[in-house]
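Enquirer: Sharing a structure here in structure tokens format.
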Amino acid sequence: MVHAEIGVIGGSGFYSFLQEVTELQVETPYGLPSDSLYVGELAGRQVAFLPRHGRGHHLPPHRINYRANLWALRSLGVRQVLGPCAVGGLRPEYGPGTLLVPDQLVDRTKSRAQTFFDGHPLPDGTIPNVVHTTFADPYCPVGRDAALAAARGRDWEPVDGGTMVVVEGPRFSTRAESQWHAAMGWSVVGMTGHPEAVLARELGLCYTSMALVTDLDAGVETGEGVSHSEVLKVFGENVGRLRAVLFDTVAALPRTEDRACLCTRAHEGWDLGIELP
Ligand SMILES: [Zn+2]
């Protein structure tokens with residue numbers, strides 16, 4: 001049985017050069033994850049990589065099976081998850097190449113399954129109870145500290161904290177939407193950060209977002225608005241150092257049995273009605 005303790009949800013650029021990667025197809029009560037899970041050793045830790053959009057990037061943000069992704073990772077033993085993602089900057093000073101480790105999240109998605117605890121029976125007949133998960137602080141404080149330190153260690157001064165607003169997509173924001181997001185004081189805009197973070201919390205996993213700014217959002221920049229090719233270009237230019245920061249973060253995360261953060265107490269006082277994997 002292949003085991004992993006840390007999960008990374010991100011593109012194939014993060015694991016493709018690892019030696020001795022085991023590819024696993026994992027089924028879950030919620031269907032199949034975005035792709036196979038790729039497990040390899042990194043800094044002495046067993047890490048499972050999952051391409052969020054699938055190989056070839058065939059899944060748009062609103063069609064990603066987030067529940068299957070988090071469930072599959074947990075079923076391998078994963079208890080800490082890193083979620084690198086591309087975002088748009090909502091402040092002029094957060095230009096392309098900025099790395100922001102958010103501490104807050106705003107959900108503006110529309111159509112996504114965002115809980116495991118909806119009272120809907122699983123295929124094995126067990127029924128999850130209705131559970132209201134504490135989510136005031138959506139990200140793992142220990143994982144955040146590790147990511148920030150890793151970035152500084154690579155001479156990439158990160159933005160410590162900020163709010164990621166997550167929109168439904170797949171289109172980019174209008175100028176008016178973007179100006180509204182900025183006026184609310186939010187920092188960056190993305191399309192995948194929700195429900196990934198809350199589903200991780202519901203499974204008692206630590207989740208840390210690492211947001212790479214690939215463009216200034218439409219309400220902030222003065223040109224023609226965000227284009228997909230621009231996003232891909234900036235991501236490509238930064239994937240190497242993002243990978244380095246990611247790997248240093250993996251090395252710095254606590255052992256599973258040493259976790260003492262709030263994430264581990266997500267289920268305190270609740271009868272879940274189902275067995276978590
Ligand atoms: Zn945690």
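Residue numbers in this text run from 1 along the chain shown.
The backbone N, Cα and C atoms fix where each Cβ goes, and this holds for glycine too.
Any TrEMBL annotation is an automated prediction that lacks curation.
For reference, TrEMBL lists these features for the protein:
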type: DOMAIN; residues: 5-248; note: domain 'Nucleoside phosphorylase'
type: BINDING; residues: S12, R52, H53, T192; note: phosphate binding site
type: SITE; residues: S173; note: site 'Important for substrate specificity'
type: BINDING; residues: M191, D215, L216, D217; note: substrate binding site
type: SITE; residues: H228; note: site 'Important for substrate specificity'
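Give me the lay of the land around each of these features.
Expert: Other Cβ atoms within 10 Å of the Cβ of R52 (phosphate binding site), summed over all protein chains shown, number 22. Under the three-state DSSP scheme, R52 (phosphate binding site) falls in the coil class.
Within 10 Å of the C-beta of S173 (site 'Important for substrate specificity') there are 22 other C-beta atoms, taking all protein chains into account.
The Cβ neighbour count for D215 (substrate binding site), using a 10 Å radius and every protein chain shown, is 25.
The Cβ of H228 (site 'Important for substrate specificity') lies under 8 Å from no Cβ of any same-chain residue at least six residues away in sequence.
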Enquirer: Would you count the other CB atoms within 10 A of the CB of M191 (substrate binding site), including those on all shown protein chains?
Expert: 22
Enquirer: Taking the Cβ of D217 (substrate binding site) as reference, which residues of that chain separated by at least 6 in sequence fall under 8 Å from it?
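Expert: In sequence order, G88, G89, L90, F172, S173, S178, H181, A182, V189, V226 meet the Cβ cut-off.
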Enquirer: For M191 (substrate binding site) and R52 (phosphate binding site), determine the Cα separation and express it in whole Å.
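Expert: M191 (substrate binding site) to R52 (phosphate binding site), Cα-Cα distance: 12 Å.
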Enquirer: How many whole Å apart are the CA atoms of D215 (substrate binding site) and T192 (phosphate binding site)?
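Expert: If we compare the Cα positions of D215 (substrate binding site) and T192 (phosphate binding site), the gap is 16 Å.
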Enquirer: Near the Cβ of L216 (substrate binding site), how many other Cβ atoms are there if near means within 10 Å?
Expert: 24
Enquirer: What are the non-local neighbours of T192 (phosphate binding site), defined as same-chain residues 6+ apart in sequence with CB under 8 A from its CB?
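Expert: T192 (phosphate binding site) has long-range Cβ partners R52, P61, I64, G83, C85, V166.
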